[in-house]
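J.: Annotation comment: TrEMBL describes 18-34 as compositional bias 'Basic and acidic residues'. TrEMBL lists 128-522 with the feature domain 'SLC26A/SulP transporter'. Marked as domain 'STAS' by TrEMBL: 569-658. What TrEMBL lists as region 'Disordered' is 18-40. Per TrEMBL, transmembrane segment is recorded for 126-145, 202-225, 278-298, 319-341, 382-402, 461-481, 487-505, 517-548.
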């Protein structure tokens, strides 16, 4: 067979066996006829005979994937050019282009979503946002007081973190339903990260949480939350709910207890159980029952569902408002009861006590501080504070954004979510919240549900929530003194008990038992160990699962006959070839090929990616097959994968795209090898 000796390069060569030679890429090459054509690399020896039909599309696709071939010529001999001058100019030009890209209209609208929804803002939107914002404000005030208790901080710090984040989210937030502020999980993680260190560490943790989240957003690291799978998230959330309930039992029973884990807290509770205060327990239990009943009231619908009358709608809306505002109603009523008892002497139950009135000072977070203990001044440096916070600096931001993204997805109605924008929004909120002495916060699922059900139209609903919290700090904090601690404990218990995801256990067991095992391990780890260590264990085991499946692709083995009666072995890997799986694949291919001793075809239809290690393995495999004089063919190899393999110029690398050509390729294999020997 004639060979085109003039078209040689150092890349890969496809040789068409039967078809006429394609036009030469060289305009000056006028040769025509039946010469076979080669495309790069003298070691890649064959393609199917029907390659001519799709060859141009194949090359076009590879060219598109490879990028632009445009080059800029730089004359280094010009006297104005120093060895680095053109490099500096190139860097400056690139930086200028990047900066110009940042300040485009599209980018501004993306990073400041208020520019999209504010121009068409209408009166109906304002009414919906007002009602929703006030309703959420009535919910967040009692919750904030209780969440500060979970974090182990004075009550007022919960309110400090409940207004500025709401206001900032109006400009940066991409989800209308998210009210930013303290949450039960964030408060619990703060408590475990602090380890009893005090408010200075909590404020610094808030600052660092914001910094980490902003950096993640700027560097596009929102994808990291994808490594937290559903089972890990369910196990973590359920464990956190039980730990939060456990942490509130001390106020429900009126006793002293402490502990960083579920087990330690229960040990402390049993140790002090003989000091139970009866009236605190009775009041707490009654409050929990009332809250659960009012929760059911909010779900009552009177009249016809499809076409309710006007009176039915008014009644249903009133019941919903009454049930939704249950926390605020109960706290006010119990505060009145506490006030009446305090007027007549010592109340029979524990109350919150004095809450400082007024807004917090706007100042830098503490990057080190000093305290006087027993007449001795103890200085704590910034480095020591970082060391004290430990892994909480990473875990708190990750869990915070995970919680927020989950809320956005729940209320997105199928619309895409921008994790980068949410990272920037929540990170900025935490960063500036640290200037008003707050601990870390994020979006709250319970308040988001209230916000959505209240008919919120835009993020502007956060304005009214923030204003309500500010008014509470300015005028109502003296009345918080009389609120019973058992009531706040009941508010938290009645809210987080529904976070235990019991309903996913049965479907998870039926769907995939390994996922069920992963959820259980995460759940138990979070209960026994500190929460941040528990979720890291869950994520770690999940990554081991992912790496194991990547390292052990399934390969189907079939012994088939071609149309011409040639027997061959078809091996079909089900996923990409990357470094953890290469040795495993090589051993399987070698074992089956030696055992059968017949031609081997590797179906690459499911191989969508490869790396350098895989390329070295392919080079080794093709070399082994060539030394045994055993045919090896690659079917339907994608261009992006082929380019990786071609980089090492594997020996006898045969690729084809039509199963009907197996006979022809095997028949002409000796002829092709002879061609390549001549070319070499």
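Using N, Cα and C of the backbone, Cβ positions are placed for all residues, glycine too.
Not measured: the values here are computed from a predicted model.
Let's see these features in context: how buried, what's close, how far.
T.: Listed as Cβ neighbours of the transmembrane segment (202-225) (distance under 8 Å, sequence separation of 6 or more from its ends, same chain) are residues 151, 153, 157, 161, 190, 193-194, 365-367, 385-386, 389, 392-394, 396-398, 400-402, 405, 419-424, 426-434, 437-441.
Away from its own ends, the transmembrane segment (278-298) comes close to residues 251-254, 319-320, 322-324, 326-327, 329-330, 334, 348-350, 484-487, 489-491, 493-494 of its chain (Cβ-Cβ under 8 Å, at least six residues beyond either end).
Under 8 Å from some Cβ of the transmembrane segment (319-341) lie the Cβ atoms of residues 135, 138-139, 141-143, 145, 283, 287, 290-291, 294-300, 302, 347-349, 351, 450, 453-454, 479-480, 482-484, 487-488, 490-491, 495, all in the same chain and six or more residues away from its ends.
Residues 185-186, 189-190, 192-195, 197, 200-201, 204-205, 208-209, 212-213, 216, 222, 224-225, 228, 233, 236, 366-368, 419, 422-423, 426-427, 430, 440-442, 531-533, 535-536 of the same chain lie 6 or more positions beyond the ends of the transmembrane segment (382-402) yet place their CB under 8 Å from a CB of it.
A Cβ distance under 8 Å defines the sequence-distant neighbours of the transmembrane segment (461-481), meaning residues of its chain 6+ beyond its ends; these are 128-130, 132-134, 136-138, 140-141, 144-145, 155-156, 159-160, 162-164, 166-167, 169-170, 173, 176, 179-180, 335, 339, 342, 351-359, 451, 454.
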J.: By DSSP, what is the split of the domain 'STAS' (569-658) into helix, strand and coil residues?
T.: 39 helix, 18 strand, 33 coil
J.: Given the model, what does the mean pLDDT over the domain 'STAS' (569-658) come out as?
T.: 84
